[in-house]
């Protein structure tokens, strides 16, 4: 029976984990939209709002490797529940409606995100067999991005219907709801490892962590990919508007539809082994390279749709494919630490990409920005072609 559960990415325990992830990220996406409006009503300027909102990803990015090491030592199950409880407390604290409180709570949420995201990745790895691991990670990433497709519109509607105070109370209620969901999952899953494994993890050495260096190449690929991925959501609407076009919603709807469809139905094609999926990675890199290249050539509707499809394909499979590969090649007792560096690389690529591409667009032109993104894609493609794949390190 236990084996059958591990072979099913839609087992009750797996679905419960996807649900917890969905609610957690839905709440966070709602805050991303609502908090700037509430901060503005309390007298915050644009720079203050930027600092409040930016502290979230900044803290999360730098804490991810540490979070991974902590989870490796104490196990994902306990850290999972602690993160949910702290998240609910932070969400309730927003009701103080004070700018200093907002800044502190937002930074704390970044820290909580670092630990929570680590635990759910490791839990789904533990819940499923090696054969099903790729599917589970794909479905988990799908559940975390689904809120992004509808939450912004929902919050913009709600802010005109109810007070911000009421909206913040809804966030607090969602935090409590997630604790209830988390408890249900907590009592149905076992600890990640036996006591012997735990003792082994306590004896980690510097050499153990050096073994995790096999994550370096996938992390570099994800960092460069994230820089290119940052172009469309940050600057495409501005670029199209500067050309007198208002077709950005069409692009994002198409991209999102492709992302959801492929991440769900294409999950079975994610390799679930310690062999580097070279040609799949090369194909996905080619897709996200073609997207800005097409936009640099033309922004006609057919080209725009083609660029959205290519970008959606790359977004849907690259992250879960590389994450699955990493989960096989690093030692079990430093898996969280290694995954932490990988996710931090993706975060850094997104944040630094937005800054770098913004500078290029302002200093030169949007076309130069798209050309640079294309060149980065080509460089990433060359790296993938010459890479021979890492080898699994013994645990």
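Using the three backbone atoms N, Cα and C, a Cβ is placed for every residue, glycine included.
TrEMBL entries are annotated by machine, without manual review.
What TrEMBL says about this one:
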- 13-392: domain 'Major facilitator superfamily (MFS) profile' (DOMAIN)
- 15-37: transmembrane segment (TRANSMEM)
- 49-67: transmembrane segment (TRANSMEM)
- 79-96: transmembrane segment (TRANSMEM)
- 102-125: transmembrane segment (TRANSMEM)
- 137-158: transmembrane segment (TRANSMEM)
- 164-187: transmembrane segment (TRANSMEM)
- 215-236: transmembrane segment (TRANSMEM)
- 248-266: transmembrane segment (TRANSMEM)
- 278-297: transmembrane segment (TRANSMEM)
- 303-326: transmembrane segment (TRANSMEM)
- 338-360: transmembrane segment (TRANSMEM)
- 366-387: transmembrane segment (TRANSMEM)
Criterion met for the transmembrane segment (137-158) and the transmembrane segment (366-387) (at least three Cβ pairs under 8 Å): no
Local confidence of the prediction over the domain 'Major facilitator superfamily (MFS) profile' (13-392), expressed as mean pLDDT: 88
Cβ-Cβ under 8 Å with the transmembrane segment (15-37): same-chain residues at least 6 beyond its ends: 49, 52-53, 84, 87, 91, 94, 102, 106, 109, 113, 116, 120, 123-124, 127, 139-140, 142-148, 151-152, 154-156, 159, 164, 167-168, 171, 174-175, 177-178, 181-182, 184-185, 188
Close approaches to the transmembrane segment (366-387) from elsewhere in its chain (Cβ under 8 angstroms; 6 or more beyond its ends): 217, 220-221, 224-225, 227-228, 231, 235, 238-239, 242, 276, 278, 281-282, 285-286, 288-290, 292-293, 295-296, 357, 360
Same-chain residue ranges lying at least 6 outside the transmembrane segment (278-297) that approach it to Cβ under 8 Å: 221, 225, 228-229, 231-232, 236, 239, 269, 271, 303-304, 306-308, 310-311, 313-315, 317-318, 321-322, 367, 370-371, 373-374, 377-378, 380-381, 384-385, 387, 389
Recorded stretches the transmembrane segment (215-236) and the transmembrane segment (248-266) touching, at least 3 CB pairs under 8 Å: yes
